[in-house]
């Protein structure tokens, strides 16, 4: 679904309206002369002064003010869900803005996106990976003024993509497919036991072998840190400590409560320092082989390499199966590798 704010505010509303610093729905041409300088010269949808958007209207100079734009409540999202919007953040002391995710059954919030300073006299696009959210949730866009707010903040053209779970199917044939028990959705066999509820009824995540999966919610399961490397993987939840690097949230829960493992590539690490994580020893595969599935996140300017090796002897690095270099964007990316071995590995 999408909202261009042309007809109305699409159910988005100002949720901290006790002060004089609020998100307001309007077009520039509808504003009085006193407030014209607080809005962008044009909207993003039509590129005219008649087009509508949500923007911050400031009526006084009291010291601390919060503008909080809240979305309607959404019931859930499918695994491929992304949110994009256009924002305008212009002015010498325009300050930061941040988008937060609020799950209805929790008082915690997860920061999904933030902008820290003046982005120039232009509309810029933001894209946020929501992923599979199984509980009702809403979003809020926060702006805080410390009395010196001098600038223009606005949002337009909010769009959700790939957010609906697949519809029921009348049939689901073929060895590569699985028919979900209650929702009757047809999914790929590769989506079984991948720690993501692709069905919408969790029937793709029952009858799984716990020893063959790990979501890192309770530590590193039956994996272990290599003692022959230079440093270790870190167990973490929420954002990483370095700005503009790493994920804001995990892939399993899709919130700052979920856990994941990461390596910090900045100080004290130096170029080509290596952190290795070892799987448990797995049995020889049958003729069809097995599939190794994982999600990876590589975001930041100074990332070198992520590589997967398969080995049968302890003291060797083994055979390189796959590797990837450099910044891949602020998203979790799914990868699967087909693995064959005639002996335990």
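Along the chain as shown, the residues are counted starting at 1.
Just so you know, glycine gets a Cβ as well, placed from its N, Cα and C.
Keep in mind it's a predicted model, so treat the numbers as computed, not measured.
For 193-208, the entry in TrEMBL reads disulfide bond. Listed in sequence order, 204, 205, 207, 208, 209, 212, 213 are the same-chain residues six or more apart from residue 193 (disulfide bond) with CB atoms under 8 A from its CB.
According to TrEMBL, the domain 'MAM' annotation covers 1-165 (among others).
The feature domain 'MAM' is assigned by TrEMBL to 212-345 (among others). The average pLDDT computed for the domain 'MAM' (212-345) is 90.
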